[in-house]
Amino acid sequence: MGVSIPLFCVRKESDIMKVFLATKNKGKIKDFEKLTEGMDLEVVTILDGPDIPDVVEDGETFEENSRKKAKEIADYTNIVTISDDSGLCVDALDGGPGVYSARFGGENATDSEKNQKMLELLKDVKKENRKAHFVSVVSIAFPNGEIHSFRGEIEGEILFEARGNNGFGYNPIFYSYELEKSFGEADDEERKSVSHRARAFRKLIASGLLKEK
């Protein structure tokens, strides 16, 4: 049996839409909070304490994982649910680690350990062959079964060494062509302007779905 949580809270001037953000990743939560600044949303996450069952992310694509997670949690909580599945795709690794980005280097590997493994794998790869891109697929699922997905990407390459400590994940080793610096060197506003997750989320916002339904 799922748990029933009120979908909307009412305030004087407008309705605030309650949405469940389906992630435990503090970096992703921070990204989403920045992207929704100024919107009439009440964002609830797993870190806020609700008892949410784990969703097995066994899809072969970012879309499959993102949609599955959003739908299962929306069905369980009866709350509009937003999920993101994202990863790093490296040309020299035939698109890997891709959907396995979070588990690259081992289930409990730290971000630093994942980055070191990536740098080690690519140590003999020349600069011109180090192209890579980040992908994010953001899905929104409603308790009535309606679901939509939005994809964002950003092109770049893998550096020969980590640069910067901002953000999380592979940011220090990913050089953005648009920013002309690593994501680890970029501040929050710079990343927000070009990141794969921001691009996917802006498509969601433009769709008009983040309104009372």
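Cβ atoms are placed via backbone N, Cα and C, with glycine included.
Keep in mind the model is a prediction, meaning the values are calculated, not measured.
Among the features that TrEMBL reports, substrate binding site is placed at T23, K24, N25, K26, G27, K28, S86, F168, G169, Y170, N171, H196, R197. Spatially close to N25 (substrate binding site) yet at least six residues away along the chain are F168, judged by Cβ distances under 8 angstroms.
Under the DSSP three-state reduction, D85 (Mg(2+) binding site) is assigned to strand. There are 27 other CB atoms within 10 A of the CB of D85 (Mg(2+) binding site), with all protein chains counted. Annotation comment: TrEMBL describes D85 as Mg(2+) binding site.
The active site, proton acceptor annotation in TrEMBL covers D85.
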Give the number of CB atoms, excluding that of R197 (substrate binding site) itself, located within 10 Å of its CB.
23
What is the number of other Cβ atoms found within 10 Å of the Cβ of G169 (substrate binding site)?
22
What residue among the binding-site residues T23, N171 has the most other CB atoms lying within 10 A of its CB?
N171
Rounded to a whole number, how many Å is the Cα of R197 (substrate binding site) away from the Cα of D85 (Mg(2+) binding site)?
9
